[in-house]
């Protein structure tokens, strides 16, 4: 008998142990799948940012419009975030995350689809990739253009082609794909973290969250690496003879294989969705939890008998919940500390989003560096710095046990340091580009006050050039000319690369001593001094990002501490919604719109309508780009000072009230004690009299 009892106990112990093992394994499988989805999510975000400059050129759109396309991700996210947050916890969370990853992948593939429908990329009006002849022969020099001008296409023919082109809005596919990516990304974080919090052992949730965030850093590293690799590849690689392509990655018309970025990230997201469809709604629970849930089920079964009687109460509860929601919402909106903090973080985050969206364009226009190089240096190098800053910020707050005011001061300090490094970018701005006909006269001797309607010089006035054309050549004098024709070049090297143009009359008037009046295809590169400034830019960017990340942890902690405990979730949700709507959507648009104002040469299609920008006033571009971001940051610092002052005042009043209440209580206790002593003395006297 004893032996049978012992065997039963052993079997029960083994069964319980097996269930615990299955429970742990189920959670570990979910963590592994969620790690893949975190990588896919981060990869998709970086791919979009690194491809923006190529999308703008490929679809011939402005920076403000491409900023609107970039913000469509946040639009998609906001459309479903409320439904996902409310209904997600009531449904099969792993499958919902899997569906989200699949939709995110479909969005990435949809973004790449226009590449297969648009035909070959025309980087110049003279480009004729379909022809078997080398496209160099169509380059217009001064003499050739005089002949070609007699055979220009009639306005009627141009108009017919124009109608067809004007109906093409293929960028809408990119917009919809990015929006789908935002919709698909929505359930990953809230449902994934709530699943872990529900089923992880007590105290392990924060560890798992740290692991997930660390693994997610693989996504940006892969994204920047792919962005650099595909930026070097020509957009129509595999479809055209690359020997006929006369532009290089340093050319402002170059479009890399941006679509490969989205195909890779989209397929990776689809693959990451597969494991979630094989995971259970809940991991296998240990026996005790199953018994507890069984007991709850029995209670629920008994309660079902009273459901009819409770229908009226449920209606009252719904009304009560709605009223409670509006009261809670009113409570956080009338909390001055919370409102100030939301505004200052909106300004800061808008600065970060706008600056990061156009950083590759800034590096290209200011320092003459291709986006492939910027992807590697600004991406792979700075990601570990950013991660270490986030970790160190959390460690400092925990190590020194900072209170609410202390956290606010620490966050203010990191913001000041980050701004200090950011302002130093103004000291490493290169000189404006020397472009004849845009920043100086065509003879290259005098600067111009405006880039509009610069008069032709005697060196090219007889060439009958197309002034709307953009086929830049670099003269031996270090000046970029809009086209070989406008440089007054009479002949070229033909099909031989590098393509060189000779007898350029506009170079003669600049006073070259060697008598070599030639120019080669492409813009003039930046000088060595400007290249050195680029590496200073990268070094400063490291410190700027480090201090920005150092204060990143304090954002969430401040929100949690300046509102009532029961309003934490609502406060975090509303803060996230404001940042996404007014920061994630609007910041790229108004940054892009201001950047567009610095353009000095727009591309034009056959209809004569404006396309993408070919070149900018680089000095003005820098002042607008850096100035707008700096203004947003300075404004946030002013609000930081107001926040810290208000917090000090509030907590000092609390301390005064607490001390006053304490003194009143002490007086009351003292009076009560005296009364008790008097009572005891009286009682003692009475007892003595009695005795």
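The backbone N, Cα and C atoms fix where each Cβ goes, and this holds for glycine too.
A TrEMBL annotation is a machine prediction, not a hand-curated record.
According to TrEMBL, the feature transmembrane segment maps to 29-48 (among others).
Annotated domain 'Major facilitator superfamily (MFS) profile' per TrEMBL: 30-647, in sequence order.
When Cβ-Cβ distances below 8 Å are used as the criterion, the transmembrane segment (68-89) is approached by residues 45, 48-49, 52, 55, 96, 171, 174-176, 178-183, 185-187, 190-191, 194, 357, 573, 577, 580-581, 584-589, 592 of the same chain, each at least six residues removed from its ends. Per TrEMBL, transmembrane segment is recorded for 68-89 (among others).
The transmembrane segment annotation in TrEMBL covers 96-117 (among others).
Annotated transmembrane segment per TrEMBL: 207-230 (among others), in sequence order. Long-range contacts of the transmembrane segment (207-230) within the same chain: residues 31, 34-35, 38-47, 50-51, 192-193, 196, 200, 256-258, 260-261, 264-265, 371-373, 375-376, 378-380, 383-384, 387, 390, each at least 6 residues beyond the stretch ends and with a Cβ under 8 Å from a Cβ of the stretch.
Beyond the ends of the transmembrane segment (258-279), by six or more residues, the same chain brings 26, 29-30, 32-33, 36-37, 39-41, 43-44, 47, 50-51, 54-55, 58, 94-95, 97-102, 104-112, 114-115, 177, 184, 223, 226-227, 230-231, 233, 235 to within a C-beta distance below 8 angstroms of the stretch. Taken from TrEMBL, the feature transmembrane segment covers 258-279 (among others).
The transmembrane segment annotation in TrEMBL covers 337-356 (among others).
With a threshold of 8 Å between CB atoms, the same-chain residues lying at least 6 positions outside the transmembrane segment (376-397) that come near it are 46, 50, 213-214, 217, 220-221, 223-225, 227-228, 359-360, 363, 407, 410, 414, 538, 541-542, 545-554, 557. The transmembrane segment annotation in TrEMBL covers 376-397 (among others).
Within the chain, the transmembrane segment (409-428) has long-range Cβ neighbours (under 8 A, six or more residues past its boundaries) at 348, 393, 396-397, 402, 533, 536-537, 540, 543-544, 547-548, 550-551, 554-555, 558, 622-623, 626, 629-630, 633-634, 636-637, 640-641, 644. If you look up TrEMBL, you'll see 409-428 (among others) marked as transmembrane segment.
Residues or ranges marked as domain 'Kazal-like' by TrEMBL: 453-508. In the predicted model, the domain 'Kazal-like' (453-508) has a mean pLDDT of 87.
Here the transmembrane segment (534-558) has long-range neighbours at 341, 345, 352, 363, 367, 369, 377-378, 381-382, 385-390, 392-394, 396-397, 404, 407-408, 410-411, 413-415, 417-418, 421-422, 424-425, 428, 572, meaning same-chain residues at least 6 beyond its ends whose C-beta is under 8 angstroms from one of its own. Positions annotated as transmembrane segment by TrEMBL: 534-558 (among others).
The transmembrane segment annotation in TrEMBL covers 570-591 (among others).
Here TrEMBL flags 624-646 (among others) as transmembrane segment.
When DSSP labels each residue, the domain 'Kazal-like' (453-508) comes out as 4 helix, 10 strand, 42 coil, counted as helix, strand and coil in that order. Note on the transmembrane segment (624-646): residues 336-337, 340-341, 343-345, 347-348, 350-351, 354-355, 358, 362, 405, 408-409, 411-412, 415-416, 418-419, 422-423, 425-426, 591, 594-595, 597-598 of its chain, located 6 or more positions outside it, place their CB under 8 angstroms from a CB of the stretch. Long-range Cβ contacts of the transmembrane segment (96-117) within its own chain (Cβ-Cβ under 8 Å, at least 6 residues beyond either end) map to 33-34, 37, 40-41, 44, 47, 58-59, 84, 88, 170-171, 173-174, 176-188, 191-192, 235, 258-263, 265-277.
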